[in-house]
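Student: Annotation source TrEMBL lists domain 'Response regulatory' at 12-128. Positions annotated as 4-aspartylphosphate by TrEMBL: D61. Taken from TrEMBL, the feature domain 'PAS' applies to 140-192, 267-337. What TrEMBL lists as domain 'PAC' is 216-266, 340-391. What TrEMBL records for 423-556 is domain 'GGDEF'. What TrEMBL records for 565-819 is domain 'EAL'.
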Amino acid sequence: MSEASLAKYKSRVLVVDDSKYMRLKLRQFLEQEGLTVVEAEDGNQAITQFQIHNPDLVLMDCVMPVTDGFTACSSLQQLPGGSNTPVIMITSLDDDNAVELAFASGATDYITKPINWAVLRQRVLRLTRARQTEVSLNQSEAFAQSIIYNALDGIITIDDRGIIKSFNPAAQTIFGYTAREAVGRNIDLLMPGFYSRHDEYFSQSAGEQETAADSRSREITGISQNGCAVNLELTISRFSVHRQYFFIVILRDITGRKMVEEELKESRERYRTLTENTYDLISELSTEGHYLYLTPNFYDVLGYDTGELLGREFIEYIHQEDRPAVVTGLSRAVEQTVSEQIIFRFLHKNGEMRWFESTCKTYRTKTGEIRKVLVSRDITERHRYEETIRHQAFHDALTGLPNRLLLKDRLKLAMAHAKRNNMMLAILMLDLDRFKLINDTLGHAQGDLLLQNMARRLTYSLREDDTVARLGGDEFVIILPEIVKIEDAAKLAQKILELVRKPVRVDTHELYVTTSIGMVLFPNDGRDVDTLLKNADTAMYRAKEQGRNSYQLYTPVMNDRAFERLSMENSLRRALERNEFELYYQPKVNIKSQKIVGMEALVRWRHPEKGLILPGDFIPVAEDTGLIVPMGEWVLKTACAQNKAWQNAGFPPMRVAVNLSARQFQLQNLQEMVAGVLGETGLDPCWLELEITETIAMQNAEFTVKTLKELKEMGIQLSIDDFGTGYSSLSYLKRFPINKLKIDKSFVREINTDHDNAAIASAVIVLGQSLKLGVIAEGVETEEQLEFLKEHQCDEIQGYLFGRPVPAMEFEAMILQNIIN
């Protein structure tokens, strides 16, 4: 496994502790180190999790109910792979007996509470890296087997008695036997008398302590399965396994070459033909470095006419940067009379520089003149490949931007520079809001095109000394060195927000994307790379919590919020199972008759400890984690069932509105899910209204048109919520098969005091009338707002002036009172 592969290998750690708090602390600590975490709360559960996940490391508390850590550790040793998996015991018992018991149970190491996190980090990294090394060794062994299997030369392994132990495909081709036919038989089957002729060498090798190899190439005649003689060239080397010696015979069928050599012996011309047809480029230089001889392929490879280089000085064709190394190499070959390998760039006739790898060997003529013979190979393609590999190790394959490794290296350099010059350094971490929805809806190919587009935008927006890197997924990091004041970084963050949200054309799709940015400063917000990146990530998620499409400067209190968010996420996962969600209903009122004509279903969370939690506090978390999908289906099913129940009870039929989240709207099976809910609850589709925000509608307008048409064909009413806050195109708006526009409450709030808000609200009403769409204003709280909306002929209103969101029973009373009035 290469270094790049090792860096991507994500070790898995099993954390076993009966303390939920300690498991959470350990999870956060380990995930910051790039490790995957699996949890168990007691010894029995640890054994189950171990069998499922096969972790690379186990962190286990000693004292636990049911089954303690010592017993669990002993049990783990009996499982497949258990004895090879390191275990660190965590204990508050610092007596020698506890330590001895830990090791007796099979533990690899231990650490005491309170935990020294720096020490734990070193031990965890040491043990996980050891496991990574083991993975690498296994891969190396497989790689070696693959080389043997795919080698063009025949490779045969025999023991010290000449019995064949392995027989690769090339050997099968040479001799005609299959591996099954050859393995277990004596090597004399293939090469009669081979073992007896080499017995002395085998005996001598078996008596030596070190690994022996007979580097001499020898020729021998073999016999194929059909009885034909095969001319072979072979070398033999020895290795041992558990003190038993084996020999590797590497052989090549040289029957064809032998025939050529026999012919070459007949004349000097044939010898010259052999030289001139070699793949290597052979040249001879005089003492002064002028060309005396070049093989014909030299001219072919470099484009020169035959004889054009004779008498010319070798060094003048070498790249100027490489000349000192070449001169040194040639001098060393002369002085030490050994072969000297030199790598340099050589001028092609077309002006291109080709990479050469040359071996120089010198000899003296009868007159004492020193001649140099260069055997060269054109390694240009290999060099390009190596450069590509080096580039890929430190750059993102999709965007070409620096990856995490190069980012950290550059960040360290930037921090050192800032420290020396007593300057600030800013780090911006950003990711694209709701990118996963785009990826899931349009496919990964379209998502990749979007990421490439964003990478180009970010690159063009930065200064020459700035760095933008891609961490993976849709996450980018920007390094801004030499920041004089914080406002400079804030201006760039605002510039990036505006740049990202410009429409993006991806194939036939026009996408509207936003980003959330977290910003930290060095040295204020951290003095090492990992701390700065962690705090930038925290600030970025704070920006998401604040509604996305914004930036946030890191503050220490955000770490507390991150912990709260994690706790809320864990509670939220259990809330659906425990039926902790409730639906409240807010009336929609006809502005002329002031009769209730519909209601909007709004979810609330009745937390067993914190009481009633409003959507603004938990919906963003549900959206980010994907829990919004099952929650949204529950809301839809509950609202439809309640509406049907009211109709069955004799209440006037009215439409119930349900909000669709971004994740729900992008679901491939949305129509199927809605149809299933309507079928299960028995509610007629005409009494269901689905609302999506303007922002969701414009994320992928073509997809929105298609999805809304399918829902419309089912008989469902459709509305655009929060209208006026997004970036709708009128050309798309008239194509959306919707029934209503909802004026966002932010415009209604100051409709009587703010001229701009009043103008926007009026324009939305006129637009709705022009497109023959109903218009409803939300957030109506005062009589003055009501009068303005009446005057401008708005159709419906919704807000505290007529009713707050209330539970179903209270909403029944509200309907009855409205009927009486």
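Using the three backbone atoms N, Cα and C, a Cβ is placed for every residue, glycine included.
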Student: So for D61 (4-aspartylphosphate), how many other CB atoms are inside 10 Å of its CB?
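Tutor: Within a 10 Å radius of the Cβ of D61 (4-aspartylphosphate) lie 25 other Cβ atoms.
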Student: Hey, which of 12-128, 140-192, 267-337, 565-819 has the most Cβ-Cβ pairs under 8 Å against the domain 'GGDEF' (423-556)?
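Tutor: Most contacts with the domain 'GGDEF' (423-556): 565-819.
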Student: Average the pLDDT scores across the domain 'PAS' (140-192) and report the rounded value.
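Tutor: Summing pLDDT over the domain 'PAS' (140-192) and dividing by its length gives 88.
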Student: In terms of DSSP three-state secondary structure, what is the assignment for the residue listed as '4-aspartylphosphate'?
Tutor: strand
Student: Within the domain 'PAS' (140-192), count helix residues (DSSP H, G, I), strand residues (E, B) and coil residues, in that order.
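Tutor: Helix, strand, coil within the domain 'PAS' (140-192): 25 helix, 12 strand, 16 coil.
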Student: I'd like the per-state residue tally for the domain 'Response regulatory' (12-128) from DSSP, helix first, then strand, then coil.
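Tutor: The counts are 58 helix, 24 strand, 35 coil.
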